[in-house]
Amino acid sequence: MLGNLGENLTNTMKKLVGMSVIDKKTIKEVVKDIQRALIQSDVNIKLVLDLSKKIESRALEEEPPKGITPREHVITIIYEEMVNLLGSEAATLEINERPYKILFLGLQGSGKTTTIGKLCRYLQKKGFNPAVVCTDTWRPAAYEQLRQLTEEMDVPLYGDPNNKDALDLAKKGLQEFKNRKVIIFDTAGRHKEEADLIAEMDELDNIINPNEAILVIDGTIGQQAGEQAKAFSQATDIGSIIITKLDGSAKGGGAMSAVAETGAPIKFIGTGERVDDFEIFDPERFISRLLGMGDIKSLIEKAEENIDEDIAEKTMNNMLTGKFTLMDMKNQFEMMNSMGPMQQVLNMIPGMGNKISKEASKMTEDKIDSYKIMMSSMTEEEMLNPKIIKQSRIQRIARGSGVDESDVKELLKYYNNTKKTMKGLGKRSGRLGGGAMNRMMGQFMNR
Ligand SMILES: Nc1nc2c(ncn2[C@@H]2O[C@H](COP(=O)(O)OP(=O)(O)OP(=O)(O)O)[C@@H](O)[C@H]2O)c(=O)[nH]1
């Protein structure tokens, strides 16, 4: 897809993931790589410079939200800005009238006929049975090409290779298929004069009164696609675009960004010669794929998940100053749920030593769940002041949560060990100085 643009961008992202530090120098390096890849793909230089400036300034100035690491943050920024380059929102084809009339336009060789076949297949899968009308009287083989294509797919076709009057064909086709849900009109891509072609399109437009006009643009023409899209979108406000031949063409990135810049909605893309090589165009999904980051959306969701910052910070402070309660531990477990296994999180903290690691290694997700159940059988007073939990309370908690007393004792032991280690860590970190402490906390919280 898009020649080696995808490969270059994916490699850049891999490089970013592998970098040991994320600082000004590394961010600049990544931005340079992205620039190079986009320029090679014929993306307009001004767009590339704007994009790099935005990525760079956001990456250097914005604080990563809680819950994501600085590295993930840079990845998210690159993703968001790249999506913006392509127009962010996915534009969809909405069949909201019957018959829904679609006028297909495009220069000769743009892939118009092939794309009509692809759209028919797409609509069939959606349960709309489209019909096609051939008004291309200019290219003798056009009707025959459509006939073969539609026959294979069981799509009704109206056309007459002996009739040279496009307007008459459109009228008759309209009559023939007036009860259909969707009618697609294929038009000529060439004429003696460009002016003649435009005049014919105008007249066809009057007769058909389409619900939507779709311009098919060959993606291999790169940035030039912008001019076509601009002229088209100025002529009609019901226009949308399909960009074809994005498989293998290095210039496709240029075509897509140039079209997006005009504001004309790109609804589908063609990615090969076969009838199924056709996709709804969704900038978010497209960019995720281009960057080789399948789960970028979940990464962003993770950043948006509202890990309550106040609770997180209070818990951390309590941990480090020895005020750590069972309530804090419960909060910590809740937070860790969204951060991955406990040991992994604890291993991130420098100087944790073997003691806690040994404890932590015994902590499985199941164990955390059972601890949470036991803690839910405790009173608030017990949670905030665990010292008061003596034998009779242990019995009650065990009964209430359906576990053995030894399990409750194990939980308390775990709590006491964690508290002790955390307190020691807090003292040591005092000597490390504020900066190191903050970094460590950042690492811990943002893991
Ligand atoms: N690789 C690739 N080839 C495509 C794609 N779409 C169309 N083509 C090829 O492009 C060529 C032109 O496609 P047509 O559908 O005949 O083009 P057209 O715009 O209808 O041409 P006219 O009928 O002459 O106006 C054919 O060889 C198609 O197979 C695509 O997405 N990828």
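For all residues, glycine too, the Cβ spot is worked out from N, Cα and C.
Because TrEMBL annotations are produced automatically, they should be read as predictions rather than curated entries.
As given in TrEMBL:
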BINDING   106-113, 186-190, 244-247  GTP binding site
DOMAIN    265-278  domain 'SRP54-type proteins GTP-binding'
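On the structure: features taken from TrEMBL.
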residue : record           : DSSP class
GLY106  : GTP binding site : strand
LYS112  : GTP binding site : helix
THR187  : GTP binding site : coil
LEU246  : GTP binding site : coil
Ask   = Looking at the binding-site residues LYS112, ARG190, which one has the fewest other Cβ atoms within 10 Å of its own Cβ?
value = ARG190
Message = Taking only the residues in the domain 'SRP54-type proteins GTP-binding' (265-278), give me the average pLDDT of this model.
response = 93
Ask   = Can you tell which of GLY106, GLY109 has the most other C-beta atoms within 10 Å, given these are the binding-site residues?
value = GLY106
Inquiry  = Test of understanding: give the count of other CB atoms lying within 10 angstroms of the CB of LEU246 (GTP binding site).
reply    = 26
Secondary structure composition of the domain 'SRP54-type proteins GTP-binding' (265-278) [DSSP: H/G/I, E/B, coil] = 0 helix, 6 strand, 8 coil
For THR187 (GTP binding site), the number of other Cβ atoms found within 10 Å of its own Cβ = 25
